[in-house]
């Protein structure tokens, strides 16, 4: 690591400080975070097992839910082990390249989750507004293409963020990252050079993926509610509305936290850094924790599948 004019030339190691201002209580903050992570791992793994073992759940809605569960497991695992290492064992050092890899994985799987939520909204739109065409539109071939598409879209659009940091930014004011994980803007702000291109491309990725997904999801649910309220039978309206409640809850929890974290990093200069970092952490922990709970409570087929796993009686 070479130093020149008070700057560091291409540092090999960075330091993650955790939650700025709360270093003295990070040990205790790690306990609920670890609990949330364990519950998220258990809940999403159970969800995957139920969907895999129950043939009646091999339908588009539940296959998308399995994709969401797998994404949540990877996303939370990308940050929690290292974060707990910082909180509990003061293992704050991280190789620069490992930090960039963590950054790419986190933002890639955030974008994948957004794409899956969009696919789930479109699935509900077709199922409710055009039920006779649902089976012919959402074939297993289309589900595979959607899975590959949202993954490639995320990986390819996020990759230039990593390349722009690695290839453009050579001099850094400090190697101390005021965050508990390697977030794009947290790393960019370390540079002692012009980072305007990095900021612009970060905004482009956020609005081209999260922004457009939010618009299409909102439009889908508006059309869904119009169709639901036009149904003649009250029971049919309630059933259709109840089907969408879980999706709406998951949609709101993900995007509200996502946009708060995104805009605070860029424009929230008056918000204390510890509040921003705490909410950024919760943004990556709360959806994996709540998604299986929300769908487990609201979906009878999943509740029945869980019941079979835990209360299966041996016929002998």
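One is the number of the first residue shown, and numbering goes on along the chain from there.
In case you wondered, yes, glycine gets a Cβ from its N, Cα and C as well.
Curation does not apply to TrEMBL; its annotations are automatic.
Within the chain carrying the transmembrane segment (27-50), a Cβ under 8 angstroms from the stretch's Cβ atoms is held by residues 19, 57, 65-66, 69-70, 72-73, 76-77, 80, 83-84, 87-88, 278, 281, 285-286, 288-289, 291-293, 295-296, 302, 305-306, 309, all 6 or more beyond its ends. The transmembrane segment annotation in TrEMBL covers 27-50 (among others).
The domain 'G-protein coupled receptors family 1 profile' annotation in TrEMBL covers 43-295.
Feature annotation from TrEMBL assigns transmembrane segment to 62-89 (among others).
The annotation transmembrane segment is assigned in TrEMBL to 101-122 (among others). If one looks beyond the transmembrane segment (101-122) by at least 6 residues along the same chain, the residues whose Cβ comes under 8 Å of a Cβ in the stretch are 61, 64-65, 67-68, 71-72, 74-75, 78-79, 82, 94, 146, 149-151, 153-155, 157-159, 161-162, 181-184, 187, 205, 209-210, 213, 216-217, 220-221, 247, 250-251, 254-255, 258, 284, 287.
According to TrEMBL, the feature transmembrane segment maps to 142-165 (among others).
As annotated by TrEMBL, transmembrane segment applies to 200-222 (among others).
Summarising the annotation, TrEMBL assigns transmembrane segment to 243-263 (among others). Packing against the transmembrane segment (243-263) from elsewhere in the chain are residues 68, 110, 113-114, 117, 120-121, 124, 127-128, 206, 210, 214, 217, 221, 224, 228, 276, 279-280, 282-283, 286-287, 290-291, 294-295, 297-299: each is 6 or more residues past its ends and has a CB under 8 Å from a CB in it.
According to TrEMBL, the transmembrane segment annotation covers 275-297 (among others). Counting same-chain residues at least six beyond the ends of the transmembrane segment (275-297), those with a Cβ under 8 angstroms from any Cβ of the stretch are 18-20, 22, 29, 33, 36-37, 39-40, 43-44, 46-47, 65, 68-69, 72-73, 75-76, 78-80, 83, 106, 110, 113, 178-181, 183, 246, 249-250, 253-254, 257-258, 260-261, 264-265, 268, 303, 306.
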